[in-house]
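S.K.: Taken from TrEMBL, the feature compositional bias 'Basic and acidic residues' applies to 18-36. According to TrEMBL, the region 'Disordered' annotation covers 18-110. What TrEMBL records for 82-103 is compositional bias 'Polar residues'. Marked as coiled coil by TrEMBL: 192-219. Under the heading repeat 'WD', TrEMBL lists 481-528.
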Amino acid sequence: MSDKRRAEIEAKRAKLAELRKARADRQRAETERRQTEPGPSSVARRDVDDLVNQLVGSRSGLDTGGDITPSSSLPNTPPRPSTNLLHGSALSPSGRVSRQSDVGSDRDRVSMGTTMVGMMEHVDRVLTPRFIPDLIDVEQELFELPQRERVIYNKEVQTTAIETETPQVSEDEIRQQIMRERELEAERIAQDKELEEESVQLEKEIEQEIRELTEEERSHILSAPEFLDFVEQSSKIVQRALNDGYDYIRDYTIGTEANGDDSEGKRVKRICAFYDERYGKNRSITDVDWSPKYPELSVASYNKNPAALNEPDGIVAVWNLHLLDRPEFVFHSQSDVLSVTFSPFHSNLVFGGTYSGQILLWDTRSKHLPVLKTPLSAAGHTHPVYAMQMVGTQNAHNLITSSTDGTVCSWLVDMLAQPQETLELIHAGHNKTGEVAITTLDFPDNETTTFWVGTEEGNVYQANRYDRAGAKAGLNQYDIYKGHAGPVMGLHFHPLVGPVDFSDLFLTTSVDWTVKLWRATSLAKPSTGAHAISPIYSFDEADDYVYDVKWHPAHPSLFGTVDGSGRFDVWNLNTDTEVPVVSTNVGSGRAINKLQWDRKDGRRAALGGSDGKLYVYDIGDMALPRESEWTDLQKTITGFVGGGQANGVADGIVAGR
């Protein structure tokens with residue numbers, strides 16, 4: 001209904017514009033015609049000019065026949081030739097007409113009925129005796145004294161007259177032309193009046209159409225996808241500007257107060273807490289990640305809301321530090337999303353692992369639904385996917401995913417129909433089943449084929465994607481990293497940064513309330529028999545489940561942990577190995593499930609809480625390492641290994657890489 005009404009209004013507006021254009025064109029054509037075509041006034045003026053020229057021409061002919069007035073005395077008349085002087089010599093003995101003869105001949109000039117013959121006879125009779133002498137004197141005198149030319153500037157002198165033959169226009173034709181012009185003028189006035197009335201009517205109809213929108217039509221417009229997209233995009237821009245923390249009315253001439261800022265002196269400061277009642281209610285955050293290209297963007301995955309049956313089971317929200325009240329993007333899933341990651345090589349792509357075993361791919365340029373997803377078949381995962389990681393380079397990379405049934409799959413980003421590789425991790429020493437239930441997975445920075453997995457039984461295993469020298473593809477049956485008494489919740493290798501290589505160190509967390517530091521065995525010398533590896537140090541300060549741990553991306557001795565009591569602990573091994581340097585209670589005290597440092601400089605940490613809130617904290621200058629941090633960490637690790645019994649840990653077994 002709305003589209004039809006809009007089309008009618010547009011058609012009326014187009015018709016109105018066409019009518020106005022036609023009227024303007026007609027007025028312009030009428031003006032041009034009047035300028036180019038001669039009117040009756042010009043014709044009448046031409047007739048008057050012709051009549052005047054005829055009268056002036058006949059008068060000049062009369063003067064040449066016997067006018068007593070010299071031709072040079074007439075305005076605009078050149079001097080007469082000598083033939084006129086011969087006629088003048090017959091009029092007077094001196095060659096000039098006397099005043100008496102001039103008066104006597106006035107009656108002849110006034111009365112056109114008097115014949116020229118009688119006058120000539122009278123003149124001959126009177127002037128015959130003195131004809132010859134006067135003729136000679138006058139002719140000689142006038143010929144030697146040329147007349148001075150009188151210059152008179154008028155239209156005839158200054159312009160050149162072009163003789164054109166103009167058709168004679170009769171009075172009837174002039175009258176008919178005038179009548180035609182009157183009829184055309186009356187017709188034009190009538191058309192203008194009709195156009196004006198139609199314009200007014202169209203404007204009234206348009207106003208009436210615009211005003212009279214029913215409630216149904218209004219709701220239809222407000223629910224249109226185009227209108228909703230416009231409101232979504234424009235409101236985001238406005239909210240980004242409103243959420244800017246800068247004080248635009250700050251007066252720099254006023255001194256600051258003595259007490260300073262509330263956050264002054266705190267080493268860890270909360271920047272914001274992302275939460276939207278619509279998406280986060282009754283949900284917990286299961287995983288977090290930072291965008292590799294845009295440092296202000298972070299992503300969080302959410303599990304099911306049991307109280308909302310009509311909402312999607314899984315949610316993935318992309319949050320912006322400049323847009324605090326709502327997420328920048330929201331993606332939907334048919335199952336709980338347990339793991340999420342940004343693609344480090346494509347800034348628009350977001351991958352998610354679900355409880356059903358599907359791998360989903362969302363694109364920020366698309367809508368809420370995934371653009372690609374894996375099938376629910378035995379070719380891929382059929383159990384929950386708790387861990388995933390992208391490995392490789394810009395031109396050759398794969399997505400590695402693992403599920404609790406011991407399956408590890410390698411996927412190409414643009415083809416999720418089936419995995420490129422499938423690896424089943426099976427351990428023969430298990431009593432009831434050979435499967436290894438994987439809860440977490442990580443690759444060292446310098447590796448793309450060998451990785452370590454944490455399991456529900458509490459052990460950590462090494463596995464290979466391919467056969468390599470001295471080791472086959474699959475699970476390493478011999479090297480068992482034993483130390484935890486419960487499922488391993490987090491595992492992270494030391495980043496490969498700085499002058500010293502610590503990439504063989506990794507941290508693990510568990511529900512046994514501990515964080516343990518391990519050194520990976522050398523890949524060049526694999527074990528040939530069952531070999532239990534113990535951690536080189538254990539951090540037992542926590543009072544609840546420790547859900548995640550992450551090394552700092554820039555500082556070698558810094559790492560963070562989050563636990564079930566809602567604490568965010570920052571550890572510095574060069575400062576203290578017994579207690580964290582900073583311990584912060586996050587939110588309302590509910591568990592914090594995931595931790596992730598930002599990829600730019602590591603100043604900010606994203607914390608995913610079980611209350612559905614995504615917290616962002618800034619650790620300030622603690623993220624800036626000194627030059628001696630790497631050598632200090634070497635000494636600390638050496639002290640761990642050489643100490644034997646370290647914090648309740650058995651003898652550490654060290655194998656250099």
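Glycine too: its Cβ is placed from the backbone N, Cα and C atoms.
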S.K.: Summarise the model's confidence over the repeat 'WD' (481-528) as a mean pLDDT value.
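M.R.: PLDDT averaged over the stretch: 85.
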S.K.: State the non-local partners of the coiled coil (192-219) in its own chain: residues 6+ outside its ends, Cβ under 8 Å from one of its Cβ atoms.
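M.R.: For the coiled coil (192-219), the sequence-distant neighbours (Cβ-Cβ under 8 Å, at least 6 residues beyond its ends) are 1-2, 5, 8-9, 12-13, 15-16, 19-20, 22-23.
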S.K.: Count the residues of the compositional bias 'Basic and acidic residues' (18-36) that DSSP assigns to helix (H, G, I), to strand (E, B) and to coil, and report the three numbers in that order.
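M.R.: Counting residues by DSSP class gives 19 helix, 0 strand, 0 coil.
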S.K.: Looking only at the repeat 'WD' (481-528), how are its residues distributed among DSSP helix, strand and coil?
M.R.: 0 helix, 18 strand, 30 coil
